[in-house]
Each structure stands twice: as structure tokens, then as C-alpha cells.
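To start, the structure under review is shown below, and the notes come after it.
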Amino acid sequence: MMCGFTSNQSPKKLSSKKLSATNVHLEISPVKCDSPCKGYENVQASYLDTANCTTVTRGADIKDDLPLHNKENLLHRFGDLETHSDEEYSGLQDSGYSSILQNDSPCQDETDNNVSDIQLRETPKNFVQFQKPLHTLSTKNLPALRFEEAMCSTLKKMRKTSKKIDWNAVDDVVCGGNYGLENLIGKNMGLERFDILAELFHRDFKHLLTKILRHLSAMDLINVISVSTTWRKILQKDNSAYNSYKLGCKELCEKKAKVSAHTATRDESLCRVPLASVQKVAASSLCTSKKQSKNRGLSNNRHAEFIEVAQTLKNDQCLKVCVDCSSPAKYDPYLHRATCTRESCKFDFCTLCSCKYHGSKCCQTSKPRSYRVPSEPLPGSKKSKQNLRRL
């Protein structure tokens, strides 16, 4: 028989419920313990029994006297408990069991629970107000979400009143609100042509425009200023680029003056009486040679245009001449429809009546537009001369 405890049992497994304050008895072993270890265990058990007795009685008193949900009384009671514990457990500080007694006491568990309840019930309201949900955050930096919210709210209001959509109200919402949609990235994606200089000018990126214009020569600047009014404004606001443009214009004028120096004397000599007829003949021969060279250049350019457009045709398409500008047009024989490929024209016409394409409707009864040479000969032409000879 072991006396009180076994050698393998640790002192932490003791519970205050199994021991009572009034009936505390140790089991006496009938066999004498000759070894000093067993005798030390008996002394150790006696210390623990007395300590547990004191903690149980103190825990019961605190349960009866402890007020509920009162912070000031709790703090006052905690102070009293600390003084009592220092006085009562002063003799057990050297034994090493005072920490076990403080941790296992039921009084401390109850006080901790009461303090936690008070802290949960008395949470400050300001802290709860500052905790805003995520959906109430500002959307100033999110223009697409702002526009979406505005459109959804207007459509809901319209749905309540009538099932039809009032597009005028939708246009008012789109035009009236400053959502900042112009600053969205990727809104111009998919476009074949895009005016980068105009966009930079509208967004007031002057430093980028100056960097771009510095890389252009004088001839390039002359071409830039003749593109559009916005490009002209861009060039006029940049002083260095505008000055280089002026210098380029002066150089061009000087070159033209040098080229036309020999023709100027000839023009002045036309008013002279002697050798005037000879000079007129020479001038006319030069003009005819220039016209012929220009016509050859135009024909070569048109031939190149038709070849370029022919490379982009589909299997069921062919080429035709535009009715308005005589440029290459893509012709669909199944629909009898042709569209001009020139950017400034892009005339979509019916090949049967040479009018604007009318879809499945019948062609107009009026005569088609004829862009051929009129029946009457022009004055000075071969036909007119022949007619005069006949007369």
C-alpha cells in the first residue's frame, strides 16, 4: 500500500473538488517506510492538503461576496485578494507550490470570467463607429464603378415607374455627371487609327508634345501644320518648333524663287513685240511636256493603288472604279454593292443604278448618274474643229 499518493502521480493533478475543508484525513500505511523518499512524499502530501483546504474556503467566501457586473467593486476586491494571498502564502514561497495553488484556484477562474464579461459589455461605441464596412468606401478613384452605380440607380427608378426605358434620362446621366471616364486606360483599344497628338493636347501633356516635336525636321513640321486645326494649335503653342517651322518656310520660298528665276524673265518678255511668237511657242512646249509627265505620274500612282487594293480582296470580291472619285472600289457581285477605298470618299453605291446603296429595295426609276464626257464637243477639240470644217 502507498501512503496518500503514488510515486508516478504529479502534484498538478490534484483538484480542490475531491478534497473538502472539514474532512481531511491521510491514509496511514500499515507498513513502515524505511526509505527516505517515501517519507518525503508523506510530508509533501500533508503540505498540499493544508494548502487545498485554505484555497477552497477562500474560494467559497469570494463566490458569496463577489458582486456581479460592477467594475469598481471588482477592482477593490482584487486588491483585497492580493493582500490576503501575500499574507497567507508567504510561508509557502520557498516550497515551490505557491504558483500551483494560484493557478488551480476556482476564485481566479471566476474573476477572470467576470472581467472578460465586463470588457465585452462595455466596448466603446467610437471604435464600433470607425469600423466601416467595405461597401461604404469612397469610389472617387474608381470612375467606372461610379458610373455603374449611377446608371443602375436611374434604371431602377425608371423600372418602378414604367417598363420602358427613357433614353433621354440616360443621356442626361451620362452627360451631366463628371465621372472621369476620359481617364480610363484602354477605352480606345481596337481602333485602326488614333490621333495621339490630339489626345495629348486635350489632356494637357505639353512636355510630351515638345519631346515629339523636337524629333521632327522643318519639312515634317510644315506637313504637321497642314493636317488639322488641332495640330496647328499644338505647333503654335510650342515656340521652338514654331520658329523652326518659320525657318523651313523661308527656305522653301527661297528655293522656289531660285527655280523660277529663268521663267520670270520669259514672262516679262511676253509683252515685247520682237520674238514674242517664238517665246510663246517655247513656253507652250514646256507646259505640254510638264502636263504629260504629270499624267504619267498619276497613271502610275493609280495603277499602284489598284494593285494594293487587289491584294486585300477576298475570294468573292473584285475591283471596280468608284463613281464619284474614280478610285478603286471593292465590288461584291452577289449584292451588287461597291465601296470606295479612298479615305476621303468611301462612297457606298449600287452598281446597277450608280446611286447610294439601298439594300433589298428596287433601284430608282430616274436615270443613273453618268460621269462620261458630254455629247457636245468641247471648244478647241478635234471634233469641234471637224465640225467647223464641215460648215
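Positions of Cβ are set from backbone N, Cα and C atoms, glycine also.
The domain 'F-box' annotation in Swiss-Prot covers 198-245 and is backed by sequence analysis.
Among the features that Swiss-Prot reports, Zn(2+) 1 binding site is placed at Cys322, Cys325, Cys340, Cys345. Its Cβ taken as reference, Cys340 (Zn(2+) 1 binding site) is surrounded by 22 other Cβ atoms within 10 Å in the chains shown. The secondary structure of Cys340 (Zn(2+) 1 binding site), as reduced to three states from DSSP, is extended strand.
Annotated region 'Disordered' per Swiss-Prot: 365-391, in sequence order.
Within the same chain, no residue sitting at least 6 positions outside the compositional bias 'Basic residues' (382-391) brings its C-beta atom closer than 8 Å to a C-beta of that stretch. What Swiss-Prot lists as compositional bias 'Basic residues' is 382-391.
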Near Zn(2+) 1: residues not in Cys322, Cys325, Cys340, Cys345 with Cβ within 8 Å of the site Cβ centroid are Val323, Asp324, Ser326, Ser327, Ala329, Thr341, Arg342, Ser344, Lys346, Phe347
Around the Cβ of Cys322 (Zn(2+) 1 binding site), other Cβ atoms within 10 Å, all chains included, total 18
